[in-house]
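Asker: First the structure, then my questions, so here it is.
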Amino acid sequence: MAAKEIIFSDVARTKLTEGVNILANAVKVTLGPKGRNVVLERSFGAPVVTKDGVSVAKEIELADKLQNIGAQLVKEVASRTSDAAGDGTTTATVLAQAIVREGQKYVAAGLNPLDLKRGIDKAVAAAVDALKTISKPTTTSKEIAQVATISANGEESIGQRIAEAIDRVGKEGVITVEDGKSLADELDVVEGLQFDRGYLSPYFINNPDKQIAEIENPYILLHDKKISNIRDLLPVLEQVAKSGRPLLIIAEDVEGEALATLVVNNIRGILKTVAVKAPGFGDRRKALLEDIAILTGGQVVAEETGLALEKATLAELGQAKRIEVGKENTTVIDGAGDAKNIEARVKQIRVQIDEATSDYDREKLQERVAKLAGGVAVIKVGGATEIEVKEKKDRVDDALHATRAAVEEGIVPGGGVALIRVRQAIRELKGANADQDAGIKIVLRALEEPLRQIVTNAGEEASVVVAKVAEGSGNFGYNAQTGEYGDLVESGVLDPTKVTRTALQNAASVAGLLLTTDATVFEAPKDAAPATAPGGPGAGGPGFDF
């Protein structure tokens, strides 16, 4: 085990605070509509230009071990806030720095750090309650666009794209962000349920222009095993042929004689069919087949459900208004499933989301909810260069997360004003002793910091603006984009309540831990390697001229 060094009390806290300040100073230049970019070096490829706080924080590793520990603690604030709310990482970093800075003064003056932390926690709890009181739900597409625009650093086109995507797929729908292939941003919306499996034979194609198979008003057979023997399929094929409607077969695989017979019948016009593989693998495949069955009003023909393929009837088949099958994707549009059954299935999957332990499982379950409840929208981010697309894509991701947070917990006035307003609820607070009162004062001062930084980044005098905003009430605040005072909600400067709440709670949590630290243990630096390698001068080896 490597040797460790231990640093105590003020020396440790001073070094940790230096690390906090180095990271926070790099991150906070990005805050607000007039915040600046930060350029990040990459070990390979082009550098990255970003205005995303957590991206900047993640890149920072300091040479000094003690300073680096402080920086990593604040990095944790940004990461936690990003994970929980998807935005607000810079605000969280600024708040953490302010709490640490103010707290250090009191600790140096001899106040009890644990009582300071208790006072901080008490003030933050009161601030969170006050935030919930002034929060209002997002009800209109315009408000959603405004939240997204603010999070995307004032770019209205991004806000409009996200609002349009939510309009199209609903609040439950999946919205993904991809690199585009043109200069402009594009929005693609997939209606209905889509899964990533295409036709098993190109002979199923009946729309050569689009290179897809389209079938109207089809029956849908769902089977969890391979189909290779046509005799197993014949009974259900005969029933579908009599009905005069087409058939989509979704199974683990369709091969050999069965696939050949389907292709021949399709070409001759005897029975219009399309066969595709079932999506997913293992248990996930079973779950996805069940989702499709509920959406289309059918049943999965499987041993587990007591149904045999050779005994399947039209009653077990699902139905839909239209099916589109491409080379790689199948889309089921307007399935005939019962709305109550679909709703029950969505609730069931939501319970699984709450219980999921891995991000991957949670993401896949959320995709299933979206496919059942809404749809899928893809925002393709355009730009002239790869660097521009990457930077813009980060902002679209932030805006998307902020929008979801706003839908979840509502909105408050932006521009740091909500944090100024909740100070009123903290002023009346009293701690159990004078040290706890000092902890409450730390939070009172720290709550000004996001507004101060926004104003500083806009090139104005922070103290003057903070004083004027504090004199006002409600939504009155400073719009850094226009340089004017007014009603921020009316002018569209909004923040999601969840983002503001999460930023404050995480900042106070980590800053409080840092203030109560009295010893730091870290790995001792290794001794420098000898300057002369073996076999060099004086080692007794032969001499060489180079």
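Glycine residues also receive a Cβ, built from the backbone N, Cα and C atoms like all the rest.
Bear in mind that the values here come from a model prediction, so they are computed numbers and not experimental data.
Swiss-Prot feature annotations, pasted as is:
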BINDING   Thr30, Leu31, Gly32, Pro33, Lys51, Asp87, Gly88, Thr89, Thr90, Thr91, Gly415, Asp495  ATP binding site
REGION    527-546  region 'Disordered'
COMPBIAS  535-546  compositional bias 'Gly residues'
Asker: I'd like the Cβ neighbour count for Gly88 (ATP binding site), meaning other Cβ atoms within 10 Å of its Cβ, all protein chains included.
Answerer: 32
Asker: Tell me the coarse DSSP state (helix, strand, coil) of Thr90 (ATP binding site).
Answerer: helix
Asker: Would you measure the largest Cα separation among Thr30, Leu31, Gly32, Pro33, Lys51, Asp87, Gly88, Thr89, Thr90, Thr91, Gly415, Asp495 for the ATP site and round it to whole Å?
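Answerer: The two farthest binding residues have Cα atoms 17 Å apart.
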Asker: Provide the number of Cβ atoms within 10 Å of the Cβ of Gly415 (ATP binding site), excluding the reference atom itself.
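Answerer: If we count other Cβ atoms within 10 Å of Gly415 (ATP binding site), we arrive at 27.
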Asker: Is it possible to get the count of other C-beta atoms within 10 angstroms of the C-beta of Lys51 (ATP binding site)?
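Answerer: Looking across every protein chain shown, the total is 20.
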Asker: Work through the binding-site residues one by one (Thr30, Thr90) and point out the residue whose CB has the fewest other CB atoms within 10 angstroms.
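Answerer: Relative to the other binding-site residues in Thr30, Thr90, Thr30 has the fewest Cβ atoms within 10 Å.
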Asker: Would you count the other C-beta atoms found within 10 angstroms of the C-beta of Gly32 (ATP binding site) for me?
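Answerer: I get 26 for this one.
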